[in-house]
Amino acid sequence: WSYIAATFHVGEPAETAAAVNLLPPGVCNLLNPAAIYANNEISLGDVEIYGFDYDYTLAQYSNLLHSMIFNTARDILIEQFKYPEGLGKYDYIPGFAIRGLHYDVQKSLLMKIDAFHYVQLGTAYRGLKPVPDEEVIELYGGTQHIPLYQMSDFYGKGPSLKQFMDIFSLPEMTLLSSVIDYFITHGIEFDQVHLYKDISDAIRDVHVKGVMYKWIEKDLEQYILHGDEIYAVLNRLVNHKKKLFLITNSPFSFVDKGMKHMVGKNWRDLFDMVIVQADKPNFFTDRRKPFRKLDDKGSLQWDKINQLEKGKIYKEGNLFDFLRLTGWRGSKVLYFGDHLYSDLADLMLRHGWRTGAIVPELETEIRIINTEQYMHSLTWQQALTGLLERMQMYQDAESKQVLLEWMKERQEIRSLTKNLFNPQFGSIFRTFHNPTYFSRRLVRFSDIYMASISCLLNYDVNFTFYPRRTPLQHEAPLWMDQLCTGALQAGQRMGACSGP
């Protein structure tokens with residue numbers, strides 16, 4: 001034990017415990033924030049048609065927008081829903097919430113759930129304060145597990161749990177937590193269902209009544225990011241004879257102003273089809289709404305739509321008519337969107353299109369992963385986990401004490417690593433060791449994912465993306481051994497073949 005303890009620095013702080021020689025040289029520069037990552041093999045050479053969502057796909061917005069949404073919805077609650085005026089003292093808290101969290105309406109709990117339906121302890125919040133692990137376990141009947149029937153449905157809306165998958169939901173989660181915090185702090189009783197619905201309605205009003213659109217239109221320079229790069233992506237695809245289309249829930253005047261800002265006044269010349277106010281995800285599943293044409297000023301026309309013409313603007317409609325009128329089917333179509341449910345799920349599972357997820361958070365998370373602090377913490381955490389697994393059979397008093405110290409240190413490092421991403425909820429992709437529920441959906445509903453559409457500029461238009469072969473758990477113990485011995489044996493074979 002003294003040898004192991006000395007070798008692995010047991011009991012030292014995490015930042016010093018990870019010996020430098022545990023970290024392979026150059027490992028901190030492995031990941032590229034501008035790369036595209038593949039869940040499924042896909043060749044861009046086979047893709048003839050590129051489709052895009054607009055908000056948070058073609059148009060990336062600055063974080064200032066979240067504060068504006070929060071403040072406006074908060075004021076709607078006070079002025080229209082007659083909520084206490086004291087709520088006016090709450091401001092948006094950047095970095096409080098992360099995308100992919102679940103909210104248990106009946107229990108007023110905002111929490112992160114992993115791919116196996118377990119709540120990650122330490123990430124359950126009621127209002128702005130964490131709920132002790134013991135209370136969370138008690139609330140769910142002595143377990144961290146959320147049964148399937150309570151979990152959110154295909155679109156993230158369950159009987160008691162709602163999953164926040166939209167980037168626009170960050171201010172909604174923060175407002176929900178702020179209002180609950182106010183009520184709890186002031187000892188005000190409230191109905192959880194009514195509270196949740198009121199806040200959802202207030203947030204919806206900011207979008208539906210067009211308030212958000214007006215802010216962005218007034219100051220496109222301040223709100224929209226990466227405009228020049230979007231023009232470069234679209235222009236490059238058109239020059240390589242690719243067809244482009246746009247399907248968005250936003251109104252035409254808003255999209256028109258944003259695209260003129262990013263791409264230029266003739267942006268529509270790049271697109272074969274533009275569909276606005278599509279009402280996704282219903283657009284993908286409901287056959288009842290026919291397409292309607294808009295004129296150049298955005299006014300509705302009354303013609304029956306028998307064909308979708310290049311350069312024209314269409315409203316509403318449905319995917320079944322879209323497929324019938326265009327003939328664009330299967331894997332020759334690649335559609336990009338930021339919402340895994342509303343944009344991508346139906347297209348992949350029901351219609352066989354290829355899909356690309358835009359995950360802006362990926363850039364920040366990769367930059368954190370590339371830090372020396374993260375890599376040292378992760379390396380030492382893995383070393384401790386291996387020690388605990390191998391040495392747990394030693395049950396004498398001294399051994400038990402050492403094991404307890406290792407377990408405690410491992411937990412401290414896990415918390416430290418979580419806090420690097422977000423102090424409340426950690427990474428959107430991982431719990432301590434498992435993928436998050438968000439990650440599970442990302443893998444299921446997207447062939448490729450990236451931080452921004454502009455990442456396409458880093459690849460040839462015929463590039464093939466190959467997902468890395470990662471070990472299954474039953475393969476993992478031999479994974480590195482096989483790679484090393486395989487290389488050694490290959491070298492020996494080559495030496496034998498080159499002999500006399």
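The count begins at 1 with the first shown residue.
Every residue gets a Cβ built from N, Cα and C, even glycine.
A 10 Å cutoff on Cβ-Cβ distances gives D53 (active site, nucleophile) a total of 25 other Cβ atoms nearby, all chains included. The active site, nucleophile annotation in TrEMBL covers D53.
Annotation comment: TrEMBL describes D53, D338 as Mg(2+) binding site.
Long-range Cβ contacts of D55 (active site, proton donor) within its own chain (separation 6+, distance under 8 Å): Y61, F168, T248, N249, S250, D338. According to TrEMBL, the feature active site, proton donor maps to D55.
Sequence annotations record features per position, and here TrEMBL assigns GMP binding site to D55.
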Surrounding CB atoms that lie within 10 Å of the CB of D338 (Mg(2+) binding site), all protein chains: 22
